[in-house]
Amino acid sequence: MSDIGDWYKSIPLISRSWFTASVAFPLIGVLRLVDIRNLLLFPELVISRFHIWRLVTATFYFPTGFLYLVNLYFLYHYSSRLETGLFDGRPADYVFMLIFNWICVVIVGMMMNMRLLMIPLIMSVLYVWAQINKDVIVSFWFGTRFKAHYLPWVILVFNFIIGGSFVDELTGNLVGHLYYFLMFKYPMDLGGRSLLSTPEILYRYLPNRRGGMGGFGVP
């Protein structure tokens, strides 16, 4: 148990909080502590009855199973890498990215009548990591190796095979691309003005720490 505790404590704070919520809400569903239907996103109930909590619970809840465990691993692995890599020492900037991606995922989820938002948000973060580290060689199932740039699309195909759908993954990839384009591609590569910036209120509560990378580039 001490090994599990040490591993859990080693997860960066923001990723650990996200990981914990993504374990707690499915556990609540398994234990039937609440009606699972109260955790799902029903746009009509959000609009007509102001069930605002569904926007949050639908982000953290997912039925347990193989697909859930795979995406929980993606959350832990790639969120931790981003938080300790590109966003090292800059928690406010990482929280802003998560909030921006979450808002975009919620908008798409409401428009497309989606019930669960966990996979799209995870995939949006994975997509950003893959673009930042696009030339890094990654390993996937059965020993396949390729550049990280292709990872989000490989996962999309993989999840389609095992889950029968690719809408969640595609939504996450598009949202991740939107953030990457507005934050990095457009201002840095195309010479445009910065269209996204972290609100000062986040810096007030999550100040930058010295020693962080604070930059952008390919390792």
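A Cβ is built for glycine as well, from the same backbone N, Cα and C atoms used for every other residue.
Quick look at what TrEMBL annotates:
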type	residues	note
TRANSMEM	17-34	transmembrane segment
TRANSMEM	55-76	transmembrane segment
TRANSMEM	96-129	transmembrane segment
TRANSMEM	150-167	transmembrane segment
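Beyond its flanks by at least six residues, the transmembrane segment (150-167) meets 66-67, 70, 74, 112, 114, 119, 123, 126-127, 130, 138, 140-141, 144, 173, 176 of its own chain at Cβ-Cβ distances under 8 Å. Beyond the transmembrane segment (96-129), the same-chain residues lying 6 or more positions past its ends with a Cβ under 8 Å from any Cβ of the stretch are 14, 18, 22, 40-43, 46, 55, 58-62, 71, 74-75, 78-79, 81-82, 85-87, 148, 151-152, 155-156, 159, 167-169, 171-180, 183, 196, 198-199, 202. Within the chain, the transmembrane segment (17-34) has long-range Cβ neighbours (under 8 A, six or more residues past its boundaries) at 11, 57, 60-64, 68, 72, 75-76, 79, 98, 118.
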